[in-house]
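Here is the structure we will look at, set down as structure tokens.
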Amino acid sequence: MSPRLLTFMVAFAAFLGPFTQTVYAPILPELGEALQTTPFLINLSISIFTFVLAFMQIIYGPLVDRSGRRRCLLLGLACYVVASIGCFMSTHIETLLMFRALQAVGIAAGAVVAVTVIGDRFEGAERGRAMGSFQMMVALGPVVGPVVGGFVGEHVDFHYVFLLLAVVGGVALLSNAIWLEETRPANSTPRAFHPSEYLDVARNRQGLAIMLLSFVQYYAFYNYLVFMPRVLDTAYGLSASEKGLVFLPLSIAVVVGSFAGGRLLGRWRPRPALIITATLNALSVLLFIAVAQWSLAALVLAVSAFGLFLGLSLPVQTTLLMDLYPHNRATAVGSYNFFRFMGMAAGPVLGSWLYQDGNVALLYGFAAGAFLLAVWHARLRFKQACQRG
């Protein structure tokens with residue numbers, strides 16, 4: 001198999017995780033009405049998925065080392081397909097929540113296996129390019145999801161969004177079953193996991209500041225993905241497919257930002273680059289508050305600015321983490337992903353409470369304030385580290 005095809009195949013399995021998180025975001029109001037449930041519970045279907053996805057990162061790590069990459073991925077994808085069919089057939093919110101949790105249990109294997117397979121098969125510059133493709137796919141997932149979900153929900157019954165996930169998951173399962181070979185080195189000796197390793201990661205104040213920043217950043221990101229359809233409903237009366245299209249500039253901006261962010265590091269030092277891009281990211285939330293109910297064109301520009309600065313800051317964060325944790329990088333990245341996923345999960349839950357009366361300024365103002373506070377905290381930790389030499 002060609003290296004490019006291998007990279008795409010495993011990266012696509014990882015892409016399905018964030019894609020599945022948000023694919024029905026534009027049709028959340030319609031889904032809630034059909035299941036006769038509250039906005040809190042329907043938003044909980046996204047948060048439960050994310051909580052389980054985060055927790056399973058810790059579980060799959062040792063499993064992939066001990067049982068092999070191929071077996072874990074195939075079992076995970078099979079679980080995902082079955083759970084997606086269960087979501088398609090759900091007629092009550094309780095059933096949907098159960099199958100959403102099972103979806104996350106299955107597809108959580110994707111990101112762990114993808115990174116491990118790339119690490120097994122590639123070295124040097126080739127590994128860097130493969131990891132770049134992987135990061136691009138993962139970044140695209142949560143923003144492409146609403147575009148696809150909005151289109152499907154507009155033209156066929158919204159339940160078919162879940163059937164689409166089952167079909168796509170089946171294709172990923174079949175292709176990996178046919179072409180993916182086991183990549184675990186034959187002479188590898190799995191290392192026992194020690195929970196104290198995560199405490200060692202938390203003791204680095206700079207690293208912890210970056211992880212807290214990522215939590216707030218993704219909390220704000222998921223405020224857009226989950227609640228912007230309601231803003232578009234209330235202010236502009238858009239259809240499901242039109243709401244999905246509003247997410248398209250966001251997805252393009254994230255891709256452009258992610259691509260440019262890696263090259264930014266060649267010209268700027270990582271710490272100032274992170275503070276500047278994260279500050280601009282936070283300020284773009286304030287811009288959104290100012291224009292969200294004034295002009296649809298201005299709203300799209302503000303959302304695109306958020307996506308651009310989000311994309312610019314992501315490569316800087318992971319690069320800094322690699323420098324800060326030279327001896328336990330995998331544990332550090334696992335912790336970073338856990339914080340990100342928790343931010344994704346907190347967005348819909350806390351946001352539902354803040355947005356009860358449709359108050360855009362309260363919902364996004366809280367996110368912007370927390371964002372700026374996290375940036376200030378990171379800047380303080382970086383400054384203290386420089387003073388200590």
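The backbone N, Cα and C atoms fix where each Cβ goes, and this holds for glycine too.
Values in this document were obtained by computation on a predicted structure and should not be read as measured data.
Listed features, source TrEMBL:
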DOMAIN    6-383  domain 'Major facilitator superfamily (MFS) profile'
TRANSMEM  40-60  transmembrane segment
TRANSMEM  72-91  transmembrane segment
TRANSMEM  97-118  transmembrane segment
TRANSMEM  130-152  transmembrane segment
TRANSMEM  158-180  transmembrane segment
TRANSMEM  207-225  transmembrane segment
TRANSMEM  245-266  transmembrane segment
TRANSMEM  273-291  transmembrane segment
TRANSMEM  297-316  transmembrane segment
TRANSMEM  337-355  transmembrane segment
TRANSMEM  361-378  transmembrane segment
Among the ranges 97-118, 158-180, 273-291, 337-355, the one whose Cβ pairs under 8 Å to the transmembrane segment (361-378) are most numerous: 273-291
Stretch in 40-60, 97-118, 207-225, 245-266 most in contact with the transmembrane segment (72-91), if contact is a CB pair under 8 A: 97-118
Surrounding residues of the transmembrane segment (40-60) on its own chain - C-beta under 8 Å, 6+ positions past either end: 17, 20-22, 25, 28, 31-32, 72, 76, 93, 96-97, 100-101, 103-105, 107-109, 111-113, 222, 226, 334, 337-338, 341-342, 344-349, 351-353
